[in-house]
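J.: Sharing a structure with you now.
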Amino acid sequence: MTTAHILGFPRIGAQRELKFALERYWRDGASADAERALVDTGRALRAEHWRIERDAGLDCVTVGDFAWYDHVLTTLAHVGGLPRRFGFDARALTLADYFAAARGNAAQPAMEMTKWFDTNYHYLVPEYSPATTFGPGVEWLFDEVREARALGYRAKAALVGPLTLLWLGKARDGLVERLALLPRLVPAYRALLARLREAGVDWVQIEEPIFSLDLPDAWRDAARPTYEALAPGAPKLLVATYFDDASEHAALLKALPVAGLHIDLVRADAQLDAFVADYPADKVLSCGIVDGRNVWRNDLDRSLARLAPVRDALGERLWVATSCSLLHVPVDLAHEPRLDEELKTWLAFAAQKTREVAALRDALVKGRAAVAAEFDDAAAAAAARRTSARIHNPLVKRRVAALTDADARRASAYSVRAAAQRARFGLPLLPTTTIGSFPQTPEIRRARAAFKQGVLDHLGYLEAMREQVRIAIDKQLAYGLDVLVHGEAERNDMVEYFGELLWGFAITSNGWVQSYGSRCVKPPLVYGDVYLPEPMTVGWASYAQSLSAKPVKGMLTGPVTMLQWSFVRDDQPRATTALQIALALRQETLDLEKAGIGMIQIDEPALREGLPLKARERAAYLDWAVRAFGIAASGVADDTQIHTHMCYSEFGDILPSIAALDADVISIETTRSNMELLDAFETFDYPNEIGPGVYDIHSPRVPDADEIERLILLALERIPAQRLWVNPDCGLKTREWRQVDAALAAMVDAAKRVRQKVEEEAPA
């Protein structure tokens, strides 16, 4: 019979139980009582998630999708591969050890974090050296198998695959090629798989998403010998790809000695034909047709029509699944009592998606009539969504259609604008500023909570936030900063804040997803055409500007970042939605300019994150991303200065696109790289002004003026003084005022010192 399964379920719990248990554990110093409470929370969450999967009608539950912090770190713990610098005993690894690797300890910094492929989830980056070894590790996966079996469930285990585990890591200490470690890693996997078989596990989902990438030949060539070594003595192996098209590797994957393959039909529907053609008779094909990365309800009839020919070709060897793990979506729509009822009918969170998978299985096996009520309801919701006036705004569509190339370009070249801006603002050499946000203090959080709970009225809330703006301006004047910001006290999140004010966005009450560890985010929903009904930031910026003669920057989140950090409608191209957001932001920039705000910062920290996994698709993405920024930024006069901020670890491959944004000033995160990131800008001969970060805001450590002066001098080796700004790496919302006070005072002092040196050395 056709099998229904999911690749994984969210870990955090419907009420973020894991988040709060982790934070209690860390706060209580990892005491024995705190550890027992954390372990109990994890066990209860797993049992609840398996119950949801069973009640939905899935044929098996997934174990191994749970992780205390991150599934890549947990996989390393299973195969004894945590970084050697921590000195942990792999077989006796404790939770405290595990969290030390994730968060650092007194002796060692934390492992690096980066984005999981093109998602907004962060994984901990494995560290590989010539001395890296693998072997038996923790028992956690086997504990989960025993828990599931004790509850009467048929368990399918999930593991990150060995090739992906190596690919995701970084080579250190002279290691030339990560693949050189494969002969050491494969035996550890083989032993782990053999033990799973002994534990009664029939199937292991072994995840190799790197087969959705443009893989070098050496990595492709490693696949067959790896799985020839793993298959004997293992349970049945289901090799899972997801996030993009794996069809260029279809022949290779179909030839692997495994029991099945999984492909993502949401991100890459066209690859199905390449896999079904000549599909081996000894393999199942798991079709990921329910979206694991977005929140929209499945069009069950459309999915059934897509799967029916596959069922006819493969029979019971067709499996129905989510496209990827449900880690990336909220847990349960039932916990959204305040969300608009019509909008709710268009949505499916993790709990609902498990049922969609099972319903499709039932229709394939028993016929649509067996699940007619569910299918009819889904069809009605899809029809309503297609025609809803709430989604389709003719005015917005006309405005997008009327856009021209000129709308995405400033009226004058940078050199002309720079002269106009120098005349308007009269800033000193090496002007000092910050990136935007200041500490979100307990007072701010209490006022926001009281306002949301109805305890504090609107006027009371406005006055509380205005007081925070006054504090921020007074402090910046005391530091001696040249360009000020209002501090963003009123913003709970740089995307959600705007989502609450733009038409076409909706905000959930409990739509949390895990970003990393205990960090959760609540992405807005972009459900319809985006429109700006009234100014969003003008009041705050104008009030701040009224408190000082120095320029105050208006602060906006850019269109691509708004898109990347939201759940975006799937009924039109993302590029179209980006242009709609850009038009709304364009109106906001014009409103700010009209109110006398002469500097406007449009942040795009997610521009690089949006790059498609396939190289052939990146140029098209960068074209519309740059155009969207241009639409947002280009309506203003020459003497209005546009800033942007980006925080990446590498810029080289997208520098032409960054230059094409044509922002007057770009600030970037460079402190940890010791200004080496500026090398790419120097080589490229970046033409506009740059503010390389000189203060690492991600650390509680406060730099002194000498340290910051050294960094400014390093920056001057690469960037002319006339185009150099001085600023922190990023926003300061996560820091404490005592840290900010000391660091920014030191930054201004350092800038003044270097300014004096440059002016003294300038030819008379």
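Each Cβ is built from the backbone N, Cα and C atoms, and glycine gets one as well.
Got these off Swiss-Prot a minute ago, pasting:
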type     : residues                                                           : note
BINDING  : Arg16, Glu17, Leu18, Lys19, Lys115, Arg519, Cys520, Trp565, Glu609 : 5-methyltetrahydropteroyltri-L-glutamate binding site
BINDING  : Ile435, Gly436, Ser437, Glu488, Asp603                             : L-homocysteine binding site
BINDING  : Ile435, Gly436, Ser437, Glu488, Asp603                             : L-methionine binding site
BINDING  : His645, Cys647, Glu669, Cys730                                     : Zn(2+) binding site
ACT_SITE : His698                                                             : active site, proton donor
J.: State the Cα to Cα distance, in Å, between Cys520 (5-methyltetrahydropteroyltri-L-glutamate binding site) and Cys647 (Zn(2+) binding site), rounded to an integer.
T.: 20
J.: Which of the recorded positions Gly436, Ser437, His645, His698 has its Cα closest in space to the Cα of Leu18 (5-methyltetrahydropteroyltri-L-glutamate binding site)?
T.: His698
J.: Among all chains shown, work out which of the recorded positions Arg16, His645, His698 has the most CB atoms within 10 A of its CB.
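T.: Compared across Arg16, His645, His698, the most Cβ atoms within 10 Å surround His645.
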J.: For His645 (Zn(2+) binding site), just give me the three-state DSSP call.
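T.: Strand, per DSSP.
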J.: When a 10 Å sphere is centred on the Cβ of Cys730 (Zn(2+) binding site), how many other Cβ atoms does it contain?
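T.: Excluding its own Cβ, the number within 10 Å is 26.
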J.: Do you know offhand how many angstrom separate Arg16 (5-methyltetrahydropteroyltri-L-glutamate binding site) and Glu669 (Zn(2+) binding site) by C-alpha?
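T.: About 31 Å separate the Cα atoms of these two residues.
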J.: Nearest to Lys115 (5-methyltetrahydropteroyltri-L-glutamate binding site) by Cα, among Ser437, His645, Cys647, Glu669 (binding-site residues)?
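T.: Nearest listed residue in space: Cys647.
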J.: Say you check the Cα of Asp603 (L-homocysteine binding site) against those of the binding-site residues Glu609, His645, Cys647, Glu669, Cys730; which is nearest?
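T.: Looking at Cα distances from Asp603 (L-homocysteine binding site), the smallest one goes to His645.
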J.: Taking the Cβ of Cys647 (Zn(2+) binding site) as reference, which residues of that chain separated by at least 6 in sequence fall under 8 Å from it?
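T.: Expected: Pro605, Ile668, Glu669, Asp729, Cys730.
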J.: Which three-state DSSP class does Leu18 (5-methyltetrahydropteroyltri-L-glutamate binding site) fall into?
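T.: Where Leu18 (5-methyltetrahydropteroyltri-L-glutamate binding site) sits, the three-state DSSP reduction gives helix.
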J.: Gly436 (L-homocysteine binding site): which of the recorded positions Glu609, His645, His698 is the nearest Cα neighbour?
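T.: Given the candidates Glu609, His645, His698, the nearest one is His645.
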